[in-house]
Amino acid sequence: MSQASSTDTPFVIAGRTYGSRLLVGTGKYKDLDETRRAIEASGAEIVTVAVRRTNIGQNPGEPNLLDVIPPDRYTILPNTAGCYDAVEAVRTCRLARELLDGHNLVKLEVLADQKTLFPNVVETLKAAEQLVKDGFDVMVYTSDDPIIARQLAEIGCIAVMPLAGLIGSGLGICNPYNLRIILEEAKVPVLVDAGVGTASDAAIAMELGCEAVLMNTAIAHARDPVMMAEAMKHAIVAGRLAYLAGRMPRKLYASASSPLDGLID
């Protein structure tokens with residue numbers, strides 16, 4: 001990643017340019033109406049959906065999430081949440097492509113266990129390689145290991161999405177130093193995925209130089225999800241602007257704001 005300039009560059013995923021750098025999930029809301037209102041307040045244009053946990057057409061007799069997040073308004077990003085090996089993940093992506101009429105953009109996540117929800121990077125690499133061969137545009141959830149992030153980009157993933165903290169933990173940016181290394185080496189967009197708990201966490205991720213942030217629980221489990229969604233929208237914008245502006249250097253000692261020359265006695 002090159003050093004920031006004061007001129008912004010577009011946020012492009014799979015050849016499409018987006019105005020919002022906030023991506024949101026659809027789980028954990030109390031009902032579909034709250035889901036709709038929070039997503040609208042967030043200003044997000046990309047919305048991720050857990051194919052194995054959400055009805056997007058595979059169950060005709062049940063409420064369809066796509067009725068409240070219509071694909072003509074949002075880019076639907078099907079994800080493989082709940083998959084624990086490469087075979088499951090690939091199968092889920094193929095199902096999503098069938099349900100969404102040939103839609104190739106997917107978010108790959110292969111989990112290691114139910115307690116930590118850490119990514120299983122071995123299975124993630126296997127699944128990513130197969131999905132890229134199958135013609136999918138793969139955005140991939142991964143650890144904050146810079147080597148794994150590099151390998152996923154080399155395989156052909158169009159974006160790498162390292163965790164900032166455990167999924168659903170709200171712990172914030174636990175290891176900014178690894179994220180900085182990933183960002184310095186990045187040849188594809190880097191998005192923080194998981195760990196964000198409040199607006200300041202999102203701003204920090206953007207100040208580090210991430211292209212975007214994906215979140216769900218931070219909004220859905222807030223006391224007022226719709227208000228938090230709006231807060232996150234502004235945090236993403238503020239963080240990006242701060243990154244482009246360039247923060248002042250950190251100093252050990254004070255530095256007076258006003259010059260000492262010409263002081264009135």
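Glycine is treated like the rest: Cβ placed from N, Cα and C.
In the three-state DSSP scheme, K107 (active site, schiff-base intermediate with DXP) falls into the strand class. Non-local neighbourhood of K107 (active site, schiff-base intermediate with DXP): T48, L77, P78, N79, T80, M139, V140, Y141, M161, L214, each in the same chain, at least six residues away, with C-beta under 8 Å from its C-beta. Annotated active site, schiff-base intermediate with DXP per Swiss-Prot: K107, in sequence order.
Sequence-distant neighbours of A194 (1-deoxy-D-xylulose 5-phosphate binding site): residues of the same chain at least 6 apart with a C-beta under 8 Å from its C-beta are L117, Y141, L163, A164, G165, L166, I167, G168, S169, L214. Positions annotated as 1-deoxy-D-xylulose 5-phosphate binding site by Swiss-Prot, on the basis of sequence analysis: G168, A194, G195, N216, T217.
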Output field, 1-deoxy-D-xylulose 5-phosphate shell: CB within 8 Å of site CB centroid, site G168, A194, G195, N216, T217 dropped: G165, L166, I167, S169, G170, V196, M215, A218
Per-residue Cβ crowding (10 Å cut-off), top of binding-site residues G168, G195: G195
Neighbouring C-beta atoms (10 Å sphere around the C-beta of N216 (1-deoxy-D-xylulose 5-phosphate binding site)): 24
